[in-house]
Amino acid sequence: MAGSNRTVVSEFLLLGLSDVPENQPLLFSLFLSMYLVAVVGNLLIILAIGSTSHLHTPMYFFVANLSWVDICFTSVTIPKMLLNIQTLSQSISYTGCLTQMYFLILFLELDNVLLAVMAYDRFVAICHPLHYTITMSPKFCITLLSLALIITNIYPLIHTLLMDTLSFCASVRIHHIFCELYALLKLSCSSIHDNELVVYILGSFIFVAPFLFISISYMHIFSAILRLRSSQSKLKAFSTCSSHLVVVSLFYGTLFGVYLRPSSSYTSEDSVATVLYAVVAPMLNPFIYSLRNKDMKGALKSLLSWRKIWSW
């Protein structure tokens, strides 16, 4: 023991969204349903794209990878939450908590970067259609994805290493369904100046820069669409990026509301907002991309047809 109000932390307690025992079965059913919908929905998107030759394009390549990231994103948090509810336990080990935080930030970053890359894909397709095939070559797409995987590992690694240097108070109760960065920082008894510095400087660049890139890309896209002569051409051009716009709005709408402010102002009510981008958004993405896209709907119908299933 380092002092009267400090102790060596071996585990944390994830309090979830409710302390009322009567609410636990409802929460278990609700999050299990959302998890299954998210995993199955995103898996169907990946299979539909992989089994349909005319969807082997840069746009759908990134959609498939976004679906894979969303599956990983929800799998980092919800299974542990469901296990805790089922076993009537709230504990998560110290190592498990930091590991969960690392992968949460990693997949959150990948979501962020992939949305920016997809905006660039739409920019090239609409503003420079004659150069699209050359610019968005398979080699270039794989290079972009590889760079995203490498770069996005740096930020969560720094946060995990810094978090491991902090001392925590006797209270290890996290008012959240997972080990969220700000929730952990509020439990620290030592200075979190370096942690917040990383959030403000590196974090702002990593999350705000892609958002600004997306915004600038769409300014050019809308300008190009408005220059088209026929209404049908404008509608067709806009339809190719409408799904991406909806996903971007859903993702950043909740993300900036939680993280673009000091960790000291973080409250337990913010855990509801983080559930929106960590659980609800990955669950809705497959519906957004399939219901608003004729090619994707056709691929899903073909994938789910009995003839296709039996042919396997």
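Glycine residues also receive a Cβ, built from the backbone N, Cα and C atoms like all the rest.
TrEMBL annotations: computationally assigned, not manually curated.
Keep in mind that this is a model prediction, so the values were computed, not measured.
As recorded in TrEMBL:
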- 41-289: domain 'G-protein coupled receptors family 1 profile' (DOMAIN)
- 26-49: transmembrane segment (TRANSMEM)
- 61-82: transmembrane segment (TRANSMEM)
- 102-120: transmembrane segment (TRANSMEM)
- 140-158: transmembrane segment (TRANSMEM)
- 197-225: transmembrane segment (TRANSMEM)
- 237-260: transmembrane segment (TRANSMEM)
- 272-291: transmembrane segment (TRANSMEM)
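Residues 59, 62-63, 65-66, 69-70, 72-73, 76-77, 144-145, 148-149, 151-153, 155-157, 159-160, 178-181, 206-207, 210-211, 213-214, 217-218, 244, 247-248, 251, 255, 277-278 of the same chain lie 6+ residues outside the transmembrane segment (102-120) yet bring a C-beta within less than 8 angstroms of a C-beta in it.
Each of 140-158, 237-260, 272-291 was scored by its Cβ pairs under 8 Å to the transmembrane segment (197-225), and the highest score goes to 237-260. Proximity of distant same-chain residues to the transmembrane segment (272-291), defined by a Cβ-Cβ separation under 8 Å and at least 6 residues beyond the stretch ends, is recorded for 17, 31, 34-35, 37-38, 41-42, 44-45, 63, 66-67, 70-71, 73-74, 77-78, 104, 108, 176-178, 180, 243, 246-247, 250-251, 254-255, 257-258, 297, 300. Among residues of the same chain six or more beyond the transmembrane segment (140-158), those with a C-beta under 8 A of the stretch's C-beta atoms are 58, 61-62, 65, 101-106, 109-110, 113-114, 117, 198, 202-203, 206.
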